[in-house]
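K.L.:
Below is one structure. I have some questions about it.
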Amino acid sequence: MNITNPNGDRKAVVIFSGGQDSTTCLLKAIADYGVENVEAVTFQYGQRHAIELEKAKWIAQDLGIKQTLIDTSVIKTITANAMMDNIKITKDEAGMPNTFVDGRNALFLLYTAIYAKGQGIRDIITGVCETDFSGYPDCRDVFIKSMNVTLNLAMDYQFNIHTPLMYLTKAQTWQLADELGALNYVREHTHTCYLGVEGGCGSCPSCILRENGLQQYLASKQ
């Protein structure tokens, strides 16, 4: 991987799930900041499948990144959705999928900011995306910008929330991984499947989005 490190000695923390998007963000952060200046925060929020946490742990260790696991599973007691409960994936009348976890990204950003301030870190990186965001309201740029202001005011600290994938399609996210020299790494080691199937089930919305994006990118290279 080409380490450009344009940020000098600045440090960054990546919200990291072990999925395609957050792993691509982690790899980009390593290129931009240097591996010694990057940390990862992973959340146990009551997700149905342990494979997600296992992948995140393995990748962090493989890349030499300090990983901090934060337990926010209390959210499971106050909300229900297909990410935490054994229910069929559906959409409501407005088109919102029941894989949406109310408050999840707000909670992740809050806890990451608390951790970051304690470590003297100002740059927070998250892989949310408004282009292929499945209708999740907390993946929108307007939410991230609002949360950035709120966190700065709440803690009297200058956080900078970076969203390198915000306006990329899934195909462009694969392209970014390729430009980082990590296309095969992301293909082989990340987990995206909502059903927790190793290598992907191929039929859930997340697997379909991932595979369609990959095929679009590979076709564009020919």
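Placement of Cβ uses the backbone N, Cα and C atoms for every residue, glycine included.
Annotations per Swiss-Prot:
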- PHE16, SER17, GLY18, GLY19, GLN20, ASP21, SER22, THR23, THR24, CYS25, LEU26: ATP binding site (BINDING)
- CYS193, CYS201, CYS204, CYS207: Zn(2+) binding site (BINDING)
K.L.:
Once near-sequence residues are set aside, which residues in the chain of LEU26 (ATP binding site), 6 or more away, have Cβ atoms under 8 Å from its Cβ?
P.N.:
VAL14, PHE16, VAL38, ALA40, ILE59, ALA60, LEU63, ILE65, ILE125
K.L.:
Other than its own, how many Cβ atoms are within 10 Å of the Cβ belonging to PHE16 (ATP binding site)?
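P.N.:
29, counting other Cβ atoms within 10 Å of PHE16 (ATP binding site).
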K.L.:
To test your reading of the Zn(2+) site: which residues beyond CYS193, CYS201, CYS204, CYS207, same chain only, put their Cβ within 8 Å of the Cβ centroid of those residues?
P.N.:
THR192, TYR194, LEU195, VAL197, GLY200, GLY202, SER203, PRO205, SER206, ILE208
K.L.:
May I ask for the distance between GLY18 (ATP binding site) and CYS207 (Zn(2+) binding site), taken between their Cα atoms and rounded to an integer number of Å?
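P.N.:
So the Cα of CYS207 (Zn(2+) binding site) lies 14 Å away from that of GLY18 (ATP binding site).
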K.L.:
Which of CYS193, CYS201, CYS204, CYS207 has the fewest nearby Cβ atoms, counting only those within 10 Å, among these binding-site residues?
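P.N.:
Selected from the binding-site residues CYS193, CYS201, CYS204, CYS207 on minimum Cβ neighbours within 10 Å: CYS201.
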K.L.:
Fill in the CA-CA distance, GLN20 (ATP binding site) to CYS207 (Zn(2+) binding site), as an integer in Å.
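P.N.:
Given the Cα positions, GLN20 (ATP binding site) is 11 Å from CYS207 (Zn(2+) binding site).
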